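**Q** The following block contains the structure, expressed as structure tokens.
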Amino acid sequence: MGFISSQEGDSKNYLTYYKRAAVFLAMGKSKSALPDLTKAILLKPDFLAARLQRGNILLKQGNTQEAREDFEAVLQRSPDHEEARDQLMKANELEELQEEAHATYHQGDYSASITVLERVIEISPWDPDSRELRAECYIRMGDPQKAIQDLTPTTKLRNDNRGAYLKLSMLHYSLGDHHESLNHIRECLRLDQEDKECFTHYKQVKKLSKQLDSAEELIEQFRFQEAISKYETAMKTEPKIPLYTNLAKERICFCLVKLNSALDAIDVCSEAHQRDPRNANVLRDRAEAYILNQEYDKAVEDYIEAKEFDSEGERIDLKEGLERAQKLLKVSKKRDYYKILGVGRSANKQEVIKAYRKLAQQWHPDNFQSETDKKEAEKRFIDIASAKEVLIDPEMRQKFDAGEDPLDPESQQGGGGGGHGWPHHFNPFDSGGSFHFKFQHN
């Protein structure tokens, strides 16, 4: 805009101001164009192009009275001016519509007000009042998302619009979007750090946002117990807005699964599911808790339901989870090595060996007299030995946890003959009929 400053000295040159106004308009800075157009009109009152341009800006700003004066001034000097006549009619229409929008709003007919405001905003897109009024209608109709869409441009349309920043921050906060809420409330404080309302809200948002972020960081560091405590604190910080409690319950449910606390996880996940029935993450995590608790049929049900809420069908974790739960259900109907030894899925090697020794002593065939009892004991004894062998071998246990029976020839590609094979040439019975039982100290 060098050509402007070179002519700046000549205050009589009304065209200088008009041209600069045109540059501002081309840059989309209509507010900056207004003073220059006014200067040009003062220097040359019969400059109709500047009058018309100013009237158009004022109309778009919703300022009907001043816009009307400009269009009338043009028509006074040029009665057949078509654009001025059209714009004058628009200004009159806008004034009527503005009155109607306010009347319907005060009568509590918010949807009628929204319909009228649609046309108002079409004629005056740069008017913050009409957007703020429509946002208020949307809030009262329970549609905060649309209110946000209307309020966002008003922060630029009005100087020092702290009220809009505060309202935007509160709306985002109520929708569970604490980061966005924090950004808007910081904008308010940037305009005036002494603003009491903004500062009070800022402290609350900042405190909650910090707790939620820190809980997620703890999860990333596998510090699940600490993450649970942090989420419990967050629920106390913001007890009124259900979305934050829903989020906390969902993540606590996830942490309890990671901590292998099957029963606690099922409890919390069920509560989270009740609070937010369409949340696929909660259903996935409860399914995993059911797997930990060896309730595979329920796990399959939860995964199927979770997949229903994945409308795009893009979530691999749900697809793979369902396949795994179905495999585990199928395997459990054959032999479930955890159930045979009576240990949980998270049992370590020592716990497996301890359970094995106890049951092996109990079901040793030598303890039984009748042939039928001996046969039943032998069958049980083989199952107990197989279970121990699979669960203390990390590779075989991993296969079993993935829903495959490492001792079942059917689930091994090209596996050996029928019956249950013995891994690593292990056989609890000698080739002779009677055998001597020895504990293996692994």
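Including glycine, each Cβ sits where the backbone N, Cα and C put it.
Those TrEMBL annotations? Automatic predictions, nothing curated.
Checked TrEMBL, it gives:
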DOMAIN    336-404  domain 'J'
REGION    400-427  region 'Disordered'
REPEAT    14-47  repeat 'TPR'
REPEAT    48-81  repeat 'TPR'
REPEAT    162-195  repeat 'TPR'
REPEAT    280-313  repeat 'TPR'
**Q** By a Cβ-Cβ criterion of under 8 Å, what residues six or more beyond either terminus of the repeat 'TPR' (280-313) are in contact with it?
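**A** Sequence-remote neighbours of the repeat 'TPR' (280-313) are 249-250, 253-254, 256-257, 260, 262-263, 265-266, 269-270, 272-273, 319, 321-322, 324-326, 328-329, 332, 336, 338-339, 344-346.
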**Q** Let me spell it out: take the repeat 'TPR' (162-195), skip the flanking residues so only those 6+ beyond its ends count, and list any with a Cβ under 8 Å from a Cβ in it.
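**A** Hits for the repeat 'TPR' (162-195): 128, 132, 135, 139, 144-145, 147-148, 151-152, 154-155, 201-202, 205-206, 208-209, 212, 241, 243-244, 247.
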**Q** Summarise the repeat 'TPR' (280-313) as counts of helix, strand and coil residues per DSSP.
**A** 26 helix, 0 strand, 8 coil
**Q** Along the repeat 'TPR' (280-313), what average pLDDT does this model show?
**A** 95
**Q** Helix, strand, coil: count each for the residues of the repeat 'TPR' (14-47), based on DSSP.
**A** 27 helix, 0 strand, 7 coil
